[in-house]
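Asker: Okay, these came from TrEMBL:
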DOMAIN    A:3-181  domain 'Electron transfer flavoprotein alpha/beta-subunit N-terminal'
BINDING   A:R201, A:226-227, A:240-244, A:257-264, A:N278  FAD binding site
Amino acid sequence: MAVLLIAETLAGELAADATGKALSAAKKLGDVTILVAGENAKGAADAAAKLDGVSKVLCCEDPSLGHNLAEPKAALVVSIAGDYEHILAPATIAGKNLMPRVAALLDVMVISDISGIVDGDTFERPVYAGNAIQTVKTSDAKKVLTVRTANFDAVGEGGSASVETISAVENPGVSEWVEDKIAASDRPELTSAKRIISGGRAMASKENFAIIEKVADKLGAAVGASRAAVDSGYAPNDWQVGQTGKVVAPELYIAVGISGAIQHLAGMKDSKVIVAINKDEEAPIFQVADYGLVADLFDVLPELESKL
Amino acid sequence: MKVLVPVKRVIDYNVKVRVKADGSGVDLANVKMSMNPFDEIAVEEAIRLKEKGVAEEIVVVSIGVKQSQETLRTALAMGADRAILIEASDDVHTDIEPLAVAKLLKGVIDEEQPGLVLLGKQAIDNDMNATGQMLAALLGWGQATNAAELAIEGDTATVTREVDGGMQTLKLKMPAIVTADLRLNEPRYASLPNIMKAKKKPLDAKTAADYGVDVAPRLTVVSTAEPKGRSAGVKVADVDELISKLKNEAGVL
Ligand SMILES: Cc1cc2nc3c(=O)[nH]c(=O)nc-3n(C[C@H](O)[C@H](O)[C@H](O)COP(=O)(O)OP(=O)(O)OC[C@H]3O[C@@H](n4cnc5c(N)ncnc54)[C@H](O)[C@@H]3O)c2cc1C
Ligand SMILES: Nc1ncnc2c1ncn2[C@@H]1O[C@H](COP(=O)(O)O)[C@@H](O)[C@H]1O
């Protein structure tokens, strides 16, 4: 059956990791066409064509598609939806913004954040902050899904799909982009990083977070944060890991001064190895940690940095 | 301008969720229920718009079981003016899906004609993150999800959103849909006098049939399972032991 995957792009470039992980889910459902939409989308479309196992890439360039606005992009997806039984996107902020709109326009129920595929109609997804996994079967003929990227391995390169240009549809014109403030960083991106070190409320200031960053640089790790650290202004919002932040599953996750509330665990408990550094030996984070160190983080972090 | 705020009754975020042994769902009988935390933020934002003189009236709507009127009373005690309860089920274990919720809300909006609808970005029970976007689609309105800042001028809403990598600012033509993220504001607590006053504020009771909406689910829950458990590992004595274990035992360094 034909499957349409909406590519994730960041500043016009293909987000290969998020798209590649959603692609490995999409491939289980059938023959995959990837849609790349943007103001300038050709480069990203060429990159998508190289992903392993893609049959075809559709490239749509239009100024209205430049900033991931949901309204023109949903209109575009709906205009080509007739050809596909499954329509997927990675469950990124952009994907979650877009896909429910697409689903409602098609009068189907969106299935958000799937973590597993049972068959073409049946999917697994976490609910209640990951405290339960639901298996749901849809009765809708068309399936609109977002894919929890932490649960799927990215496919590599090796494809050579053809790229076909398609035209945009009329912009509904109800929203307008003003600006993006995207922080540039040399560190790996949270959702694709193999190692992550996250700080919590106990970091106590933005300046102190620099100690975490130093350790991160030694490890080649991405930096994450708890909600409390973000709310207190110690770390930027897009570092938040958890139920309502980023969901990650790196090989190594180090939680520093984080108590381990269920909302935080929801975003990281699928990590391969978890390390917790906390001065309270009763902290719930130790219940999920493979290695726990009961100590003051302000002693541990400098030592860790010098010994790594 | 009238502001409409849909509020959902959900299991309290502090309650440890229990999956029923027979896999039929989670146990919701006799557990503490509260307003979805993101909806408290949405209600707070509406009240602030009213305090600034931008909004004139705040109408809150809840869809679900009869007990959702407690959630509506909480919103009224915070400062909303009027409430609409749409009874769509008599079983506390039945979750009305975002598509059906959006269709019912569209029915309310056709009658009420609000200039702005403020929702939570996500219900913490089903974790769907869908209703606002679906409603925007059904109405053909603009949408801004994950709002961290909201400013209204004339018939334009300027919204700064939390997106992957940072922040994005959009302008929406009103009427519009905005969904609240965690850092939009810090919701107030209702004072005792306001809780008393809220008991006298108007609460309209409706049913799904009043809006001609079929709330039958499109998704059947086949089973509900406990997630793969993780057990506590070992405590290490110091940094040296930690590094050694990560290198030699776990092989991740
Ligand atoms: C709707 C909703 C959504 C939420 N979403 C998220 C989410 O996505 N992500 C998230 O993280 N949270 C989320 N939360 C918040 C969550 O419930 C917790 O409040 C939050 O995770 C706590 O952050 P924390 O562990 O940093 O802080 P705290 O719970 O305050 O823990 C601080 C820890 O640091 C330890 N400590 C203190 N000093 C030191 C020291 N010197 N050295 C070592 N350890 C020290 C303490 O022992 C304590 O365990 C959400 C909450 C709600 C209601
Ligand atoms: N049954 C409901 N009654 C009222 N509002 C709801 C209901 N379900 C969802 N909502 C609104 O839609 C938002 C997102 O919910 P969801 O799409 O289910 O994650 C919530 O934060 C509420 O504002």
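Cβ atoms here come from the backbone N, Cα and C positions, even for glycine.
Note that the structure is a prediction, hence the values are computed from the model and not measured.
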Asker: May I ask you to pick out the binding-site residues among A:R201, A:Q243, A:I258, A:A261, A:H264 with a CB closer than 8 angstroms to chain B's CB atoms, ordered by sequence, or 'none' if no residue qualifies?
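Answerer: So the ones by chain B are A:Q243.
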Asker: Given a separation of at least six residues and a C-beta threshold under 8 Å, show me what packs close to A:A261 (FAD binding site) in the same chain.
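Answerer: Spatial neighbours, sequence-distant, of A:A261 (FAD binding site): A:S226, A:P284.
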Asker: Quick one, of the binding-site residues A:R201, A:H264, which Cβ has the fewest other Cβ within 10 Å?
Answerer: A:R201
Asker: Among the binding-site residues A:Q240, A:Q243, which residue has its Cβ surrounded by the fewest other Cβ atoms within 10 Å?
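Answerer: Each of the binding-site residues A:Q240, A:Q243 was scored; lowest Cβ tally within 10 Å is A:Q243.
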Asker: Looking only at the domain 'Electron transfer flavoprotein alpha/beta-subunit N-terminal' (A:3-181), what is the mean pLDDT?
Answerer: 97
Asker: Test of understanding: give the count of other CB atoms lying within 10 angstroms of the CB of A:I258 (FAD binding site).
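Answerer: Result for A:I258 (FAD binding site): 31 other Cβ atoms within 10 Å.
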Asker: When DSSP is mapped onto helix/strand/coil, what comes out for A:A261 (FAD binding site)?
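Answerer: In three-state terms, A:A261 (FAD binding site) counts as coil.
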Asker: Using DSSP and three states only, what is A:Q243 (FAD binding site)?
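Answerer: It is coil.
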